[in-house]
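Enquirer: A single structure is presented below for examination.
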Amino acid sequence: MADDFEPTVMSDQVASSDEEAPRASSLLERVVAAMSLAGGAISCLIIIVVLGLTAVSVFNRYFLGRPIMGVDEATGFLVVAIVMFGAAESLRRGDHIRIDILFDHLGPRLHWWLELWSFLAVLVVAALLLITSWHTVLFSRMFGAYSTGYLSIPMWIPQSTMVIGAILLGLVALSMALRLFRVPKR
């Protein structure tokens with residue numbers, strides 16, 4: 001049975017994380033892919049910023065004896081932004097963790113259904129994240145919530161990254177689910 005298995009969407013387009021993301025074929029997929037790629041690029045840039053901030057902070061604290069105030073707080077907010085901006089691109093490239101041992105022992109038809117189920121599950125989670133983070137941002141703006149640390153910035157600013165990330169993740173999950181319908185179930 002395993003010998004005649006023909007992988008479907010994710011497996012034949014992304015064999016490993018070292019390869020390119022699947023090529024978009026529809027206008028929706030191209031737009032979503034561009035947005036996802038931009039989110040991934042922003043995530044990469046933020047990683048570099050966090051690395052730089054951390055290095056400068058460590059140097060100042062341990063070599064100059066003068067810690068930079070607010071770096072820990074800013075780094076915490078930036079780590080959330082890294083995850084939220086990068087999650088959609090990871091899904092699009094097929095880099096999220098999944099249990100491939102199960103997929104390897106399924107026929108093509110069941111494989112197709114499980115992939116559809118997984119993309120729809122991600123879409124539901126993204127929708128729930130969007131709803132809750134949107135309400136959190138509105139609440140923070142309405143009550144003028146500020147961070148309690150040294151930076152004391154309006155909380156809706158770092159919380160907005162969750163809204164943007166949820167939108168990106170939902171769009172990629174929807175795009176990947178729709179792509180499945182162009183692939184025969186066999």
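Cβ from N, Cα, C; glycine included.
No curator has checked TrEMBL annotations; they are predicted automatically.
Take a look at what TrEMBL says about it:
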type	residues	note
TRANSMEM	31-54	transmembrane segment
DOMAIN	51-182	domain 'Tripartite ATP-independent periplasmic transporters DctQ component'
TRANSMEM	74-91	transmembrane segment
TRANSMEM	112-136	transmembrane segment
TRANSMEM	156-181	transmembrane segment
Enquirer: Taking a Cβ cut-off under 8 Å, which residues six or more beyond the ends of the transmembrane segment (156-181) line up next to it in the same chain?
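Expert: Result: 8-10, 22, 24-26, 28-29, 32-33, 35-36, 39, 77, 80-81, 83-85, 87-89, 91-92, 112, 115-116, 119-120, 122-123, 125-127, 129-130, 133-134, 136-137, 140-141, 145, 147.
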Enquirer: So what's near the transmembrane segment (31-54) in sequence-distant terms, Cβ-Cβ under 8 Å and 6+ beyond its ends?
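Expert: Same-chain residues near the transmembrane segment (31-54) but 6 or more away: 21, 24, 71, 74-75, 78-79, 81-83, 85-86, 88-92, 164-165, 168, 171-172, 174-175.
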Enquirer: What are the DSSP helix, strand and coil residue counts for the domain 'Tripartite ATP-independent periplasmic transporters DctQ component' (51-182)?
Expert: 102 helix, 2 strand, 28 coil
